């Protein structure tokens with residue numbers, strides 16, 4: 001196995017399953033931390049702040065601070081900042097998205113936004129959807145944190161961000177720019193954040209359709225772990241295979 | 001113009017625009033009422049009860065009782081009744097849909113439904129969407145009152161029933177059975193209700209994509225009036241033209 005110099009690691013299905021930690025993954029992160037390699041947790045979850053996400057990992061014994069977290073909300077806020085400083089943003093989402101937008105200096109507005117940014121919002125209302133649809137029709141750029149169709153919960157698969165976003169797409173005919181995995185943009189931003197080159201980085205995750213495709217789309221080597229969503233048989237029908245497939249992160253051999 | 005023996009008439013854009021009556025249409029309905037022809041107002045609006053819809057028409061001087069109203073909610077409740085008596089239905093919608101389901105003897109439930117029926121719900125919540133998605137995933141049949149993507153209002157085009165329904169379709173991968181126009185089923189049910197044969201009926205409406213296509217799909221002659229959504233130039237690119245196109249209903253000549 002190649003000697004990588006930086007690691008991008010998914011959270012749900014890779015570090016934990018719901019509230020249950022995955023010990024092999026925690027040991028892996030401890031090893032790369034001891035070896036001094038940079039790492040960043042890259043998640044499509046737009047609802048949590050970096051502090052909240054780091055807190056969950058810390059409680060499981062993972063060496064992680066807010067600095068080790070990169071959410072799709074942070075990526076979306078950064079993408080907008082690159083396009084326009086102090087942008088006027090109409091946001092439909094939860095606390096993680098709100099904080100990320102404010103952290104990057106954007107102004108949250110209700111009417112006449114430059115951007116409509118939408119993520120998972122479990123307090124969605126018709127009024128929020130209507131305002132977003134009207135703003136997109138009026139020409140605001142439309143950005144979506146991620147396109148995940150379903151959200152795994154204890155109760156079953158609930159509607160994900162991508163499902164709520166489809167209301168605006170269906171109503172207006174305008175497709176959003178997606179930021180989260182499998183888009184390459186989030187991976188590129190993450191590598192910039194940890195200062196590691198594409199060819200020296202490894203993207204690790206359990207979900208072929210998001211984590212692994214994001215790595216492939218960004219031209220980064222990938223490791224698919226069989227601790228979450230995707231199974232080995234899912235790979236039969238795909239053209240682009242992960243660079244590595246392992247039952248768990250305890251099988252990873254450092255060189 | 002052919003001597004028709006029964007008339008199906010759209011409401012918004014045909015009888016009125018928002019709160020503004022269309023006098024030529026009101027005169028037309030008075031004439032067919034005096035001539036003794038049966039008529040039924042056929043609307044994709046799932047939110048109003050027949051009594052509410054008739055009240056609006058009465059206030060504009062249209063000869064209309066609840067018996068003259070056929071909404072997509074009534075049609076959906078009827079379709080389910082034909083498939084299963086006293087069905088258990090999980091409903092996402094407003095008062096019109098709720099009343100129609102109860103009127104047909106169905107039981108409104110929160111879990112384990114036989115059918116998930118969804119229409120426009122301007123008090124939508126994530127919880128309602130989640131329950132509907134879980135039920136559809138568990139195998140409940142999925143029925144949608146109508147697929148209208150946008151809802152014209154004073155404030156602009158708001159998300160219509162079809163946009164909200166896309167949350168469930170995107171999340172579960174299951175497409176609903178649509179009941180409202182342009183599906184033919186609603187027209188067929190309407191004709192049965194007034195006891196008129198296909199070849200003796202005329203469907204009148206302002207919207208090519210819903211009213212006129214519904215008539216065409218049901219093999220019923222159509223009259224497109226230019227008092228609402230569709231303009232004459234819209235017809236350039238369509239294969240199936242309306243049987244008649246008139247600026248308003250005052251140009252209709254009875255034989």
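Placed from the backbone N, Cα and C atoms, the Cβ positions cover glycine too.
Note that the coordinates shown come from a computational prediction; the quantities given were computed from them, not determined experimentally.
Together with B:10, B:12, TrEMBL lists one candidate of B:121, B:148, B:206 for binding Mg(2+), that being B:206. For the pair residue B:181 (substrate binding site) and residue B:10 (active site, nucleophile), the Cα-Cα distance reads 10 Å. The Cβ of residue B:12 (Mg(2+) binding site) has B:18, B:43, B:45, B:152, B:228 as same-chain neighbours under 8 Å, each 6 or more residues away in sequence.
Apart from B:10, B:12, B:206, the residues listed for Mg(2+), the same chain places the Cβ atoms of B:11, B:13, B:14, B:15, B:43, B:205, B:207, B:211, B:227, B:228, B:229 within 8 Å of the centroid of those Cβ atoms.
The distance from the Cα of residue B:10 (active site, nucleophile) to the Cα of residue B:206 (Mg(2+) binding site) comes to 8 Å.
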